[in-house]
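Q: The structure is given below, and queries will be raised subsequently.
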Ligand code: DX5
Ligand code: ZN
């Protein structure tokens with residue numbers, strides 16, 4: 001093998017179960033049910049940025065006490081300037097904001113990082129990546145939405161995969177250091193296309209929590225992603 005991939009050791013696929021598909025009355029148990037997951041994806045919705053309302057900081061604080069799985073907070077909210085840093089202060093591993101929700105994503109990323117978490121930038125399916133390429137170095141993760149944010153259980157939009165390809169090429173060329181994450185409609189039928197396009201971290205809600213054994217579903221999605229990917233291996 002030649003090129004940048006030859007220089008870098010291959011990474012493992014990361015699987016991040018989304019608790020949006022879990023039973024909210026039993027969140028601690030539902031988190032324990034995905035033991036072995038790499039990140040726990042927590043969807044925070046404010047009923048303004050998206051037409052749905054889920055949970056906020058008090059629930060995240062309680063959940064942080066209930067699990068050791070690194071928490072990946074996906075903030076689908078307006079005014080992330082005000083609301084994102086407290087998730088980092090509380091101990092979230094990664095805090096992702098939406099590019100469409102703020103005029104100053106870099107300032108928010110710096111505040112998140114200063115508060116001790118990794119900072120993520122998310123783009124909706126219709127949002128191009130090009131205007132944000134210059135600022136991606138201020139972020140640790142890029143969350144490419146493969147459904148319209150707001151609800152679990154939607155159909156995967158494959159047309160977003162070229163955005164993954166753009167980011168993958170920049171990472172492989174050594175121009176960016178970022179974890180490429182995809183969110184929405186990821187399951188056994190779609191994960192291979194996402195892995196081939198260059199995704200590092202796969203969020204899966206219904207595919208994990210509708211399975212009889214959620215931990216086994218995590219394991220099997222990880223295996224599938226590794227076998228379909230050129231840059232990931234188990
Ligand atoms: C949607 C959320 C997703 C959702 C994914 O707005 O950001 O994280 O939980 O659910 P599935 O995997 O069911 O599409
Ligand atoms: Zn999400």
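Positions of Cβ are set from backbone N, Cα and C atoms, glycine also.
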Q: For the substrate site that TrEMBL lists with 74, 150, 151, 152, 153, 183, 184, 185, 205, 206, give the additional residue from the candidates 12, 18.
A: 18
Q: Among the binding-site residues listed here (41, 43, 74), which has the Cα closest to the Cα of residue 150 (substrate binding site)?
A: 43
Q: For residue 18 (substrate binding site), what residues in its own chain, 6 or more apart in sequence, show a Cβ-Cβ distance under 8 Å?
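A: When sequence neighbours closer than 6 are ignored, residue 18 (substrate binding site) has 41, 42, 43, 152, 183, 203, 204, 205, 208 within Cβ distance under 8 Å.
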Q: How would DSSP class residue 183 (substrate binding site) in three states?
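A: Where residue 183 (substrate binding site) sits, the three-state DSSP reduction gives strand.
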